[in-house]
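> Right, I'll just put the structure down here and ask away after.
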Amino acid sequence: MVRVAINGFGRIGRLVMRIALSRPNVEVVALNDPFITNDYAAYMFKYDSTHGRYAGEVSHDDKHIIVDGKKIATYQERDPANLPWGSSNVDIAIDSTGVFKELDTAQKHIDAGAKKVVITAPSSTAPMFVMGVNEEKYTSDLKIVSNASCTTNCLAPLAKVINDAFGIEEGLMTTVHSLTATQKTVDGPSHKDWRGGRTASGNIIPSSTGAAKAVGKVLPELQGKLTGMAFRVPTVDVSVVDLTVKLNKETTYDEIKKVVKAAAEGKLKGVLGYTEDAVVSSDFLGDSHSSIFDASAGIQLSPKFVKLVSWYDNEYGYSTRVVDLVEHVAKA
């Protein structure tokens, strides 16, 4: 049984808790969010506009939220170093604030007494692991790790399968990405990203993403071979990766489908999905895969040049992998 604490009770923090509570080998012992009172934390956990109402019982008292009779201690500390992770016997702190995502800042959880930290955001200093891609490289001496981003979790398994079978010479990725909490409901100030300050619900907004370059960190053989961008679109959840690649080996689209399907039914089962149905984004709400290859959406121009399409629930699929990584780290 791994004892976890969650820091940051936003979109990812709340879904991570839902998923963790369903795992027999994971015990959620505490959560911290300096901006949320216990009654509000219980309310937000119970009601979710995207993923629906929590099926069990949720209540609270002065020091806990109570889920299905289980008491989870709550704290409102701004500085993670002040949290009682040592006295709470926290094995792994899950940091889903998006703030403490580098080795020096995530170290605060270790200083507070947690044995290890899993960051639910890409990191430029902490080692990144993508389940199904490079988690076997994790060693128990690593105290702080990152689960990378939702888009990297979608792209990396597909890129690995394609690169292993055909070789990727180079590629460009576009993610058509649902809106997130960083965006604005109406035009507002956004000094570092002017486009990002425009109304989220009424625009298609070009944006940057480091997801494709990050694939090179989890798959060194693809370092420098992929880059990408994003379009933020007015859907609440589920995104889609468009990966256009030049291959080293000539192949057919049917052969690509066979290879991806075999991986989805084999070594990447549960991480990579496969469909030939005429699907749209809402069909993947609540899908726990990192990446679902859409076989009927891709196209091929020539034997070495293809466009591949893969869906992901950028909230639920990613949060599922966070808990998978927590369990993997705990076992190592």
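Note: Cβ is positioned from N, Cα and C throughout, glycine not excepted.
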> Among LYS46, LYS217, LYS304, can you tell me which residue Swiss-Prot lists with the annotation ubiquitin cross-link?
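Record lookup in Swiss-Prot returns ubiquitin cross-link for LYS46.
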> Among LYS63, LYS101, LYS137, LYS184, which is the one flagged in Swiss-Prot as ubiquitin cross-link?
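Swiss-Prot records ubiquitin cross-link at LYS63.
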> If Swiss-Prot gives SER149, CYS150, THR151, THR209, GLY210, ARG232 as binding D-glyceraldehyde 3-phosphate, which of THR125, THR180, THR185 does it give for that site as well?
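When Swiss-Prot describes the D-glyceraldehyde 3-phosphate site, the candidate it includes is THR180.
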> Fewest other CB within 10 angstroms, which one of the binding-site residues SER149, THR180?
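Least crowded of the binding-site residues SER149, THR180, by Cβ count within 10 Å, is THR180.
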> According to DSSP, does THR209 (D-glyceraldehyde 3-phosphate binding site) fall in a helix, a strand, or coil?
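Coil, per DSSP.
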> How many whole Å apart are the CA atoms of CYS150 (active site, nucleophile) and TYR318 (NAD(+) binding site)?
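Per the Cα atoms, CYS150 (active site, nucleophile) and TYR318 (NAD(+) binding site) stand 5 Å apart.
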> Do you know offhand how many angstrom separate HIS177 (site 'Activates thiol group during catalysis') and ARG11 (NAD(+) binding site) by C-alpha?
15
> Taking TYR318 (NAD(+) binding site) as the reference, which of LYS46, THR180, ARG232 (the recorded positions) have a CA within 10 A of its CA?
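Hits: none.
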